[in-house]
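*Asks:* Got a structure for you, questions after.
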């Protein structure tokens, strides 16, 4: 993009390259050029600004230009838009730009582009990966920590898919890049959960995915963010691989620059090595799994007088090649072959044997083309760094059988080697260390052909690996471990080797970055000039080393040497070689080497440094070709003379000599062409010059040590089928080796598992059989016990049935005997049991046609008082003779059976006392007389109830009634002061005490005669009008007093009572034996359900009398009634309903007296009128309140003028309405006195308008409550809803007033009935809890079986399971202590588990924050239960019934902490016996604090405070 006015506003540094004017970018070329940074108008609401976006706008017409110009953009001469930043100040002065606002484009929001297969921009760095983090960090905690930095879209913590353990890795994705960077900066400097983690900005989660694959053996991240999950997996894999390669390139470039800076300090130092030579020296070199690897040749000798060199740097892989004196010369691989006429055969390798196919299926086709080896220098620190990572150890054992063949023409050499390989590999994979040992047997066949090849082109020496090796996926690339040491100069080095050419670091970088389409290791060489030729030889070890191709790790670049003049690279820098300057001096440049003999060591070129060191001198590009220099005392290398090389004219033609002087190292720039592959003869001729046609001397080599790889120097391509496991660090181990190691380890593991499986299986099987047999035996034993118990229960049941039958027979016999005995009981005893309450029901408002005994008026209660008092204090009546019954009575009185029973009791007691002093004959006569008197009295009692009874019988009864009444009256006066409550309680007496006197007949007669009128009224067909108790009694008493009763007819004293047709036969038995007698004698008694005594378990009234009452049983059919006779019936009581019913009132059943039937006329059916139930409650009719008296009207005397003026003058606030009326009157009077408005001070007529004060809002009598039950609306005005009527205007304006304990207790919610010590539960609640217990019957059965099988029931594990499946019956209700409480619905024994305290387990720090928050909200912290020092259970919002347990200073429960499966739980145990309905409490054990909390438990030992 063309710009102008560069001096006016200099561009920013970030756009300096784009803003530079270029002469080539002119004319129409700019118009057609698609510039990345063009300016485009962007419209927003209220703003218009420019930004860089898309292609430049091409103004093709004037209208377009005018449209753009209106927005303030100028046009250049090339018809392009101008950068508005160049002349922004001038634009501000222009009228066009005054209405527009410009903003810098860097402040614009970056668009979130979708990542897909077409994504090619900078990756969005919104993902942050975390490594080495605390394993306690969860996704929730990580998200909480990340929220402090910005919006979190996704947070994930890596969990191992197999072990389900925390992998200490996670990632967080933010909404923006800035937020991700803030998070990275924050936790790069501080800890995350007390652990220093390693955050990384990780686009596409590339680094995290790679580490996850290493840890999980190739599995990818299971959970990704939404945008990454929507990408195709192959596309995402490529994006991750590109990002990782870019990161590796940046790291390599930084390390190379650091290395160059360090190496430049020692550059330029050149020292002469003519006076020095080396001793015998073994180089410990690294070997790696590379197809370019060849072993180095032995080092040249050094003069003895020279000081010994320092020891080489320790390398981890020296143990396998230590006995061989081989030193790698790093410059031999850079020697270029020269043109020569020397005929050297070039050997072509054969195909590898089939045993090699398991390592690499592509190796056999690529060895001939990929046999070039590169070498690179290493610093001592480099070797030290890699020595600790991994190592590979290998030993080769060569057998005695060696074969060599040659054909007739002498052009083919066949060499066979049989060897045994033993390698030991140690390397690190992730955080794991692997160590494996391999033993292999290999066979190599070498064939060669005598021919010469000229180096004509670059393509002949090496070919691309596209044809031989396929593309490798990024997963295989990512398995290569990145370096961890920052002092490595090249992290992608693979092995040492010799090559005829050199490769630059740029080539290595490009190979590492995978910019080529095939993503494989291509080798392209460039022909070198004739002045820079090198030679290449192979030692015996080089011939025995195969060429392994590792497609995982790219080969390292060769050491940087002297670049050629005609080469141009993107980075004009040289990688220096470092060497100590004190030991290696340069030899003379043109010194001729001495002849080589068998006794002398080979040549050595001292112009080259020894292996393992780098030179500190600058490269000499124009140095002449040096003459080979011979060094003495060098041990003979293990070289074998090959007949095919006999064309060499001189002895040194077949033995490698020293290299020439330092030659420039060639660097490859384009790698577009590949040189031809030179032959061995050409390389020899390029090194030593033209060969002569002399036969070389046969060299016989003797070694003091066994040769392991003594082979010919014909060609390195003849070793294609040899396999050598080379050693390197953990990052240069090939994928093949890793696969082999993993397979070998898996195989070994499977073998160990197979060996250990059999005994383990046997042990497990034996243990299972023993356990199974034990269980089966236990089950059989339990089954036998159950069968035995069942049989025993059946026998016991049969025995119980037999005993019951025996007891039944005995009872029948006893009842039969009792029935035969004469009975001397009265029917009144039966009547006392049938009171009104025995027929009553709580759910009914009526009684079964039976009205209760009226509670007599005080003035008519004397006889009742006497009757009740005579029970507690028996009086021995003086009238106990037989003639006392005929004494006359002055008047009739109303008496009851209970009053007559008292007299009978006294009479019977006196008779018993007189019996004790008499003879047996007298006693027998008295018994007969008493029996006849009893029969006579009973007959009189029943005959008096009948209307048809004779007058004689009535007179007899009347006389006896008078006698008993007089005696009752005399005794009543003596006991009139007795307690009324005891009289009520002693009203009911037994039949024995009430059956020996004749007063009962009198009471029955009087009661019966008083009820004749109601009976007559009922026969008229109209229902009797119910009366009150007082009216009924007063009416009856008046009738009795006013009427004159005829004397009754005397009653016979002999004969059975059951013979009378008007009597209902009966017998007196004990109430407990009534059911038995009814079963035994069904024909002579009524059934049990017809009398239903009140003392059974279903009744709610206890027996006040300690003596067991007896009841009277009527006979159903005492005699056959004659046809036409009236049946015997029991009539209801003759009294009407009463208001107050006594607790114990006897019900007397009497014969039904029917009037003679009269013919009645048929009447029209009337509407049925239901009587009102006298026992129902009726609301009283509403009464109108009387009208209030009229208010007294206040009158005030009129004020004087002075008082009015004073009021007006003293008015500071708004005057009230009365004062305003006075002001109005004063204004009107003033204005009326003037003729015109001009005479007024204010020059116009005014109208007074009153100002009303705002009245106080009306308060509601009953404030409206909110949904939570709190008062919300206090005023009638709806606008004042929520306003509290406080005089100060705000509740915060009121001072704090501490409430007393009494005030606090008045505010605590209490149950409705605090007097009840225990809670009362409904039947519905108990039924629901009982059904829940029945539903868990199967679980309890399983629990018992488990306890029985294990035998140990004291373990906490079983206790907690018992708690789970056998919960106690508990319920929460209002507590008298505070709020809600937990109550027991069943009796609980001591030390039994009641309930578990369930809640949310939180840490102590979180508990403190929640406690503060709860206190601010008024909830309180009473639901926080501390387990230990670090954990607290919070049941405030999540819990069960246990959180309702209140505190008590004298609790009946205690809390215990149990550990179940590593998790601590709190269980509530019972301390004492807890009865049904008692509240469950335990001691909160709050720590002692200054701010006291009052305790409301109310226990005897209450401390007063919880804390």
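Every residue gets a Cβ built from N, Cα and C, even glycine.
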*Asks:* Looking at 1334-1339, 1340-1345, 1346-1351, which one does Swiss-Prot call motif 'RxxxRR motif'?
*Replies:* 1340-1345
*Asks:* Ranges 755-778, 779-802, 803-826, 1067-1090: which does Swiss-Prot label region 'Disordered'?
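*Replies:* The listed stretch tagged region 'Disordered' in Swiss-Prot is 803-826.
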*Asks:* Among 170-217, 218-265, 602-649, 650-697, find the range that Swiss-Prot records as region 'Disordered'.
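*Replies:* It is 650-697 that Swiss-Prot annotates as region 'Disordered'.
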*Asks:* Can you say which of 90-126, 127-163, 1126-1162, 1163-1199 is given as region 'Disordered' in Swiss-Prot?
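*Replies:* Of the candidate stretches, Swiss-Prot labels 1163-1199 as region 'Disordered'.
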*Asks:* May I ask for the residues of the chain that lie six or more residues beyond the domain 'Post-SET' (1491-1507) and have a Cβ under 8 Å from a Cβ within it?
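*Replies:* 1301, 1304-1305, 1308, 1376-1378, 1446-1450, 1481, 1484.
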*Asks:* Using Cβ-Cβ distances, find the residues under 8 Å from residue 1484 (S-adenosyl-L-methionine binding site) that belong to the same chain and are at least 6 apart in sequence, listing them in sequence order.
*Replies:* 1422, 1447, 1506
*Asks:* Taking helix as H, G and I and strand as E and B in DSSP, count the residues of the domain 'SET' (1368-1485) in helix, strand and coil.
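*Replies:* For that range the per-state counts are 18 helix, 50 strand, 50 coil.
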*Asks:* Within the domain 'SET' (1368-1485), what mean pLDDT does the predicted structure show?
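*Replies:* Summarising the domain 'SET' (1368-1485) by its mean pLDDT gives 89.
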